[in-house]
Amino acid sequence: VLSIQVKCYHEIITIGYRVYHSYDLPWFRSLSWYFLLCVNYFFYGETVADYFATFVQRREQLQFLIRYHRFISFALYLTGFCIFVLSLVKKHYRLQFYMFAWTHVTLLITVTQSHLVIQNLFEGMIWFLVPISSVICNDITAYIFGFFFGKTPLIKLSPKKTWEGFIGGFFSTVVFGFIFSYFLAQHQYFVCPVEYNSETNRFVTECEPSELFQMKKYSVPPLLQAVLGWETVNMYPFQMHSIALSTFASLIGPFGGFFASGFKRAFKIKDFANTIPGHGGIMDRFDCQYLMATFVHVYITSFIRGPNPSKLLKQLLILQPEQQLSVYKTLKSHLVKKGILQPSLRG
């Protein structure tokens, strides 16, 4: 994920440099890469503090970095900000601020989205594989349907895109996501959240699968009963969520490609780069994926993820003993009042 992020960032920043290199703007490329380093330091530091808290507590040299992580990140950013202000050159002020904004928008598009991809990965590989595969499936099937049946242009930004390909890609992607998620949901490796075991110093993908990944019986709607001849059907609840993911991948995901097409037309270039022969740059292949990553993260936090006892326990373990004792007493008092614990256990 980091490698793809850096390459996409490089391709977008390079376009700006090629367009404005004749103006000899000082420090543009150096500051662009410096800001990338700062933002990655912030996001990856947040991930380490979030998922590796117990590991960090055992390393004194890391405790300082984690404790003051946000302050250090902000100080690093301020350093770059001050260097930018000092690099302003008369007659090029407006252009330099254009490039400053260019850098920050590129960071928003690449780094933030890749951070969300990693967050999705920790929720379980299935939340990474199904969305990405759905976008790829939609790209392929839309091209196939458009090639054989396409007659009606879809959007001026992409003259080769047709309504026939768009609609055909939609139905194909929904079917693919439904079937693909069925096979992945059968394996713990794909459905279990990725957790770090501080005792074995390894990542663990073993768990009791949640209700999303346990087979259930559903009643078939009356209209479909006549067609399918089934009154009930057995399936994983996640397959219903896969329909939502596939729908987004096929209806909204392509707009990431349209956006990229408009961007390239604005600068009169065919591709972002020539990294992949016949396909262009890495950004040409991942223009739809970044929208998908954001949607999956929002979808998980809105409709799937609930309170996480394991994560909460890790945070409690890094508290001071007196803080842990205070939490223990408060929780015990709360449970007694609710009748979950007997009053005789108090004290």
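Yeah, the Cβs are placed from backbone N, Cα and C, and that goes for glycine too.
Annotation source TrEMBL lists transmembrane segment at 27-44 (among others). Same-chain neighbours of the transmembrane segment (27-44): 2, 6, 9, 13, 16-17, 20, 69-70, 72-73, 76-77, 80, 83-84, 87, 96, 99, 103-104, 106-107, 111-112, 115, counting only residues six or more beyond its ends whose CB sits under 8 Å from a CB of the stretch.
Feature annotation from TrEMBL assigns transmembrane segment to 64-86 (among others).
Marked as transmembrane segment by TrEMBL: 98-118 (among others).
The transmembrane segment annotation in TrEMBL covers 124-150 (among others). Here the transmembrane segment (124-150) has long-range neighbours at 117, 160-170, 172-173, 176-177, 180-181, 184-185, 189-194, 205, 213, 238, 242, 245-246, 249-250, 253-254, 257, 288-289, 292-293, 295-296, 300, meaning same-chain residues at least 6 beyond its ends whose C-beta is under 8 angstroms from one of its own.
Annotated transmembrane segment per TrEMBL: 162-185 (among others), in sequence order. Taking Cβ pairs closer than 8 Å, the transmembrane segment (162-185) reaches residues 125-126, 129-130, 133-134, 137-139, 141-147, 149-154, 191, 209, 212-213, 235-236, 238-239, 241-243, 245-247, 249-251, 254 in its own chain, all 6 or more past its ends.
If you look up TrEMBL, you'll see 238-260 (among others) marked as transmembrane segment.
Below 8 angstroms of C-beta separation, residues 1-2, 4-5, 8-9, 12-13, 16, 20, 25, 28, 31-32, 35-36, 39-40, 43, 47, 84, 128, 289-290, 293-294, 296-297 of the same chain, each at least six residues beyond the ends of the transmembrane segment (98-118), sit close to that stretch. Within its own chain, the transmembrane segment (238-260) is flanked in space by residues 126, 130-131, 134-135, 137-139, 142, 155, 157-158, 161, 166, 169-170, 173-174, 176-178, 180-182, 185, 191, 212-213, 272, 283-284, 287-292, 295-296, 299, 303-304, which lie at least six positions past its ends and keep a Cβ under 8 Å from the stretch.
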